[in-house]
Structures are given as C-alpha cells and as structure tokens.
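Notes to accompany the following structure.
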C-alpha cells in the first residue's frame, strides 16, 4: 500500500505532535539508503520510464520551447522615447556631487562611456530577413508598424542610419567619439567634403563626389582612408583597417527593387544635381570598373524635401512613385493610392549629423518584430531584436558574468524599518551609448515594401532583369495589399512612401537582445547607486538593472532624498518617469519579493500563480520534462520560504536532468502543495557571537554548547558530510541557537540537495533560519567530543558573526583587477552531484 500523506509527514518529522523517539535516533534513520529507496518507490519518484503518453500542458505552462502563438494588435501605439543623452562628462559630474570616486565606480562608468562591442565573427543576412514574418496574416501591417517603430528610435537618437558604406547619420546630440564628416577637413583629401552651397544637405552622396574623385586619383596614404580619425591616437579605437580607394560604395537604396544594382544609374540623379554628378560619373564609372573587378559605383537620388520637387528622374527609380505614371491594372491597383496625393515627401530622410563609420555592408545581422509591451500593457508595442547569432555557433560571444543578489544578501541589505520608494528609469538600455565601431555588428533594417511583399506573395518572381517592366511593377498589386495600405494611409499619410524604401540601421545605444547589455546596465546603475549612497550616508540606494530603490528613516526624509536624487540623476542625463515612481511605505516590492522589517516573502501574484499551478497539476499522469522545467522554475523561486526548501523539489530536478516525464503521486503532490500553502519569511541575519559548535566523525558526533560538552555515536558509519549535517541539526534542536560553528563547508553552504532525500528535507526544516560560522577543525571545541573524548576541555571560542551582503556590498570598494591566476586544480568532489532515485 502506498505511503499516505500523514505517514509521510510523520516520517519527515514535520508534525509537532509525533510520537517519535529522540531526534538523535530518528534523524540518522532518514539517511538510510534502503528507507529512501522504499519511499521513492511508494511515491512513484523513481519510475522514470513510462509508456503512457506525456502531458504537455499544465495550466498556463507549456513546454519551454513551444512558443505561445503571438497576437498582433493593429491598434498598437508606438511608445514615445525622450531625447535621451547621457552626459559624456558623467565622471566629473559625479565627482562634483560626491567628491573623488572610488576605483570601482570609475571603472564601471568608463565601461559605458562609450560601450564597445567587437565580436570576432559576424554573420550578415540579406535585408529581406530584416523584419521577421512573425504574423503571417498581418504582414503589411506588421511591416509598417515595425518601420514606424524603427523610425521613432532613429528620430530619438537611438539608431544610426547607414547612408553609404562608410558614413551614417543620426539625430540628437553627438558625442566626442562620433566624428562628424564636416569637421574632418583638417586631413585634406581624407575627409568627406563638406556640403557645397546650392545642394541641400539632405543628399548624402552628392556632396561627397569630389573627394571621392580626389581619392581615386591620388590613392590613399596608409594612415588615411575613410576611417582615419580626426584626432591622432583615436583611430586605434575604431579597430578597422584603412582600405584602398578601390572600395565599392553601394547606397542602401537599390534602384526600384531590392537587389543591389552594379551599374551606374544616371537617370536616378535629381535634375539640379545631375551636372555635378555627370562629371563625377564619367571618371568613376571607368576607373572603378577597371579597378574593382567590374563593379561600378551606384549613387542614388535622394529627393529634396521641398513640396512638389520630385523630378522625373527621381520617379523612375522609386518603386512607389512609378505607380503615378502607370495605367491602373485593376480596381485594387496601387496607382489609385499613389495618385491620392500630389506630394509624397522625400524618398529618404537624413539625420542632423553625419559621421564616419567602419565599412558597413547593406545587410542585417539580426531580425526584428513587434510584441505587446508587457502582459499588463497590450496597447503599446515593444520591439524585439533577435541578435541570437551572438549566443550560438561560430559567432558565439561569451558574455561577462555579473553578480545577482541572492535572497539572503538582499534580505540582510534591505530588510529594515526604512520607508521606501522605487524610481522608474525610462528606456534604461537606451541610455548607454555604443561606439560607432560596433555598428557593423548590430545592424537591423528592411529591404523595402516591394521586395518584402514580393518575397511573401506567390505569384511574383524576383528576377533582377524584370524590374524595369511595368508588368512587373504591378505584380505586387493585390486586394489584400491595397486594403491594408488604404487603412494604413489614414495612420501614416505621406510616411507610407518613406517607409516603403529600404533602410539599414545600426545601434547607437545598447540594444536589448545582446548579452552584453544587461551586464553594462547592471554596472551602470550599481555605480550610480554607490555614488548616491556615499552622498547620503544615512539613506539607502540600491539597484538591480533598471530597478532603483531609495530608503530613508521617515517619509519626509524620503521625499527630500527623492527630490535631491532625482535632480542629480536628471543632471547626468538619466530620464526618470515620474508617473511610475512608486511609494511603498515600509514594505518594499523589489525583484518579485516583498521586503519588510520582518524579512522577505514572495509577492502576492507569485503566490497566486503557485496556487493556480497546484490546482491544475494532474495526478498519476506523466508530465513532459519541459513542462516540469516551468513548474520547477516557479516553485524554485518560492522554495526558500517553505519548510523543506529546495530538497523537496529534487525528484523533479532528477527527472528534468534525465529528460524523462515525471508522474506526481497523490502523496507527493499533497506534500508539495502543503509546503507551498504555508510560506515562512526569510529573516534578516543578525550579527552575534557564536557559542555553539558541532562536529562529527563518520561514527560519532559531538557538541559544545557554552561550557557544556555532549557526544553520541551512530548505529552505523555514515558519510562524513551526512554525519556533519546530523551534528548541526542536533546542535540546533538541543540549544535553539541561531548561530552554530562548524568546520564542514557543505553544511556551511546550506545547500542540502545532495544528501539522502528524506534527510535533506528534514534538515532544511530544522536548520531554517540558522546562520553558520566557519571554525577550523583545530580550534573547534566540539572536535574532541566527536572523537569520544570529553575530558579535554579547550578554551571556549567566541567567534563573531557578521551577516554578509554578498557581492552586492553597500559601498563599491573593491580591489583592483587581480593579475591572472593560474588554472585551478579540480579535485573530485566527495558529494554526489544530484539526487538520483535509488
């Protein structure tokens, strides 16, 4: 007969009123391999091979990799981005505020001014892959919403726009490391020429032709080239070679189609620029053809913005405007839409500043698509950037590691009687500037509407030689496209034309979706909080990623602190969202926890999720191990607040490791659900003096409680770690002390997942809330009793205990970077790696 739930609780000594014998007899039984095996069989924990089909869904949990079907919202609003410009002299400003910075703070702030990203390999994808066809039924809507989002980011100074192979434009205030083209005159031939009078500054290519001519005639000196920097010594930071003058320049705008055209296209020049250009073309088309294996240069027209100035020349190259002169092919022909307005605005948009960049191809390195901003806000969209190539395969980059505060450290740090508020940093990632040299690696964009629609519609063929014909122009006309564009015209107006052109954008601020970004953000906010803490030593400021919290003794004090800190952050160029400032009172909500003076508990929404999970959890049905991963993820978060902690979940971990289905028996489910229905806070550790010590040998245990000594023997020899754990449990139950000295590192770590399962669960409950102090064996007063010698009494140790705040120390004082240590020697661990069903 399977083990009943009541018997199981009694076995684990979880019920107070059990008629069990003394702990010294009962606990060692739980370490018995035979008992653990019988219990595992009774609870069906060891039976991993099942023939019944697996269950792939439990409540909201599906397998880890089965994606939920995303829902497209045609009404999505593109969020607005403030003009974020982090001050370049951030270190000086912090020093004015708080005095000299520590080594650590300086190092962290230098890391992000500017951030650098140089992967060894980068895979370039065609522009067609720029916008992912994530919503097959809403292709056109998704295309324009995404293009509008990208345009918004570019206008806010978050993206660069690739103008030519070696130049980019952006909006917003420039940084010193962004070399403006106009200002590089000092290097003579090396510079891109500044704008000649009479040619609007909109044109990215026209003004630069003469300097191109000079280059191709004179050849480049080795130290010059499109990358030589305007300041000596700066060129090294760009990390790219100066290329000979035979470099091919392709604009982003392919003539009329998405393919790159290797011929000089005179007809595409705007009329008032054609004179300048023809002179240039006659030279370029010959010299470049000979020097670069038949590839000519293509210059594209960028129509000026003035109304009605679209000349015939520009129309012929623009897919959108070609419809104006063509005969409608049907009632759903796009020419009906294009003829709705006279002025469709420019084909292209240019930023306030033009800078030089390393050679950047008209390609992308990652795709983008839109999703809901978050589960609670489905009205706004969020851009997802997929740079997963940098996390896998040959292009993999190993990201730097950083400390995440653990629960106990967080509680020690924040569990206090302070009054709290949390600040919301708007678009935190987009505060940190990225060096332009990283642009070629982080490219996003789109191949233009014609190409995008052609790729997705079955009837059109993308053949380079067909794009000239009118018939081919109308291949993309369809009822669905026409209806979609008419609806979008109401929203975007003339911008439909702008967005239908191809574009390549690079990141000017760090993107989400690259493993470097969370690391840099964590470094940045922790350095800022460190500065704030030193400026206001009687208060507490703490951050994790973009979540910044401030604590002060009283509400009035907190409000004045809030004003001072907000003004300081604004002076650095950090944008706060005042509407989202939350005042928590004396219990802080942070990182999914509620932290008060009594300790820490999980937030209510997580508790509700757990209750829902147990309601939906099927009994006696094998559950797919991927679903188990989701269940363990949720339960693992709240495990430290339960009686038995992580050890209770070990059977689940074992099945995930074996990639086998797991079957919940009624008893095991009842045991877990009871564990999670009563959550106990994790309390703050207090400093104190340790006066209780435990030690063990494989055959016996010994305790030193004050001046009192105790010893005992085990019925059978036990593994040393198990014996030490039992001794610690006896010390806690005999003395009630919350501070115990031990010389065993495994007990000290308080990770009991590697012990026999029943013992691990019970020990976790007995030792919950206990702090351990390391005492070397030679000084351990319990060492002699454990060896059976009570006569020799060593002098009583008074070991001080100081609670740790882990790597998240309050003051950012850290040693300088250590020199490279030799490779460590790994010894085989005497512990089992994980719990396995016997």
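Think of each number as a place in line: the chain as shown, counted from 1.
Including glycine, each Cβ sits where the backbone N, Cα and C put it.
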Site co-member for Mg(2+) according to Swiss-Prot, given 546, 547, out of 424, 475, 624, 695:
424
Of 219-245, 705-731, which span is tagged region 'Disordered' by Swiss-Prot?
219-245
So how many other Cβ atoms are close to residue 424 (Mg(2+) binding site), meaning within 10 Å of its Cβ?
16
Which ones in the same chain are close to residue 546 (Mg(2+) binding site), with CB under 8 Å and 6+ residues apart in sequence?
424, 425, 428, 429, 521, 525
Stretch-averaged pLDDT - the domain 'Reverse transcriptase' (352-595):
86
Indicate whether residue 546 (Mg(2+) binding site) is helix, strand or coil by DSSP.
coil
List the other residues in this chain whose Cβ sits within 8 Å of the Cβ centroid of the Mg(2+) site residues 424, 546, 547, in sequence order.
422, 423, 425, 428, 543, 545, 548
